[in-house]
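Peer 1: Sharing a structure below in structure tokens format, with a few things to ask.
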Amino acid sequence: MVSSGSQAVVSLVLERELQPDKLSLVAEEETGDLRKNGSEAFLEDIAKLVKDTLASEESYTSSPLSTDDVLNAIDCGKSEGGCKGSHWVLDPIDGTRGFVRGEQYAVGLALLVEGKVVLGVMACPNLPLASAVCATDNSSQEDVGCLFFATTGSGTYVQSLKGNSLPQKVQVSSNENLDEAKFLESYHKPIPIHGTIAKKLGIKALPVRIDSQAKYAALSRGDAEIYLRFTLNGYRECIWDHAPGSIITTEAGGVVCDATGKSLDFSKGKYLAHKTGIIVTTKKLKPWILKAVRESIEEENLYF
């Protein structure tokens, strides 16, 4: 429910703010189940959530909103994207498991222009303002909630999601010692090749598991040096899972590439056109990681 409501809110706001330009939105949620008989009460709850959220902004309070309006707003996310024109890319709730557990999740929005990511915004409501990797028991539980944003050529910034602090420019870690490096991965099943790569690199610390694109955000401000994402054969990565995080990382001085070292291609539609695996790291560590990845792939008989 929350994810559909989030998509409706972002769609409605973008559509209004971009006028007279037409909104092209590539997003995750669909309305098929919401339009089925028996879903009326669920849809009403979503509509109320959307109305209550928009009501926090005075200029939206006078606009009536029906359940059909909400459904149409969600369906605005049906764009296929591509290499021509401008397309907004949205993940309304990234990291559903983290959201349910009350841990890390993110709302990510990016802008594609002619197939290139030129803007990214990511809200991480449960990410500490201090390091997410090195948090201590003395860290204030109230010091959480980060908003990251980046545009091409302007760097990456973070500020409190509560709006009570000025934006601060962030940079990836300057650490070059692999034995001191920290590496991130998702909360899914352990991926054996991650362990093989870490061993070849001489990384001593265990992986830090974080849900959602919050891993990109954490790496962009130097919480860790490496984020690996290798998936099962046949899995196709959606662009909304990586577009916001990729520009937030690269504008902070980092690197986002596939297992062959090529930058991710967001111009092919809803799915990434990339070789096996995604690597997020610093420019200084990239050559060493690519070497370890290549050797690990050969040893485990994985093929591109």
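Quick reminder: no glycine exception, Cβ is built from N, Cα and C everywhere.
Since the structure is predicted, the reported quantities are computational estimates derived from the model, not experimental observations.
In case it helps, TrEMBL gives these features for our protein:
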type: BINDING; residues: Glu28, Asp91, Asp94, Asp241; note: Mg(2+) 1 binding site
type: BINDING; residues: Ile93; note: Mg(2+) 2 binding site
Peer 1: Mind checking which of Asp91, Asp94, Asp241 has the fewest other CB atoms within 10 A of its CB? They're the binding-site residues.
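Peer 2: Counting other Cβ atoms within 10 Å of each of the binding-site residues Asp91, Asp94, Asp241 gives the minimum at Asp241.
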Peer 1: Could you name the residues, excluding Glu28, Asp91, Asp94, Asp241, of the same chain that surround the Mg(2+) 1 site, i.e. Cβ within 8 Å of the Cβ centre of those residues, in sequence order?
Peer 2: Leu90, Pro92, Ile93, Gly108, Ser212, Gln213, Cys238, Trp240
Peer 1: Taking the Cβ of Glu28 (Mg(2+) 1 binding site) as the reference point, list residues of the same chain whose Cβ is under 8 angstroms away and which are at least six residues distant in sequence.
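Peer 2: Those within reach of Glu28 (Mg(2+) 1 binding site), by Cβ under 8 Å and sequence separation of 6 or more, are Ser3, Gln7, Gly77, Leu90, Asp91, Pro92, Cys238, Trp240.
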Peer 1: Can you give me the Cα-Cα distance between the residue listed as 'Mg(2+) 2 binding site' and Asp241 (Mg(2+) 1 binding site) in Å, rounded to a whole number?
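Peer 2: Distance between the two Cα atoms comes out at 10 Å.
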Peer 1: Applying a 10 Å Cβ distance cut-off over all chains shown, what neighbour count does Ile93 (Mg(2+) 2 binding site) have?
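Peer 2: So the Cβ neighbour count for Ile93 (Mg(2+) 2 binding site) comes to 22.
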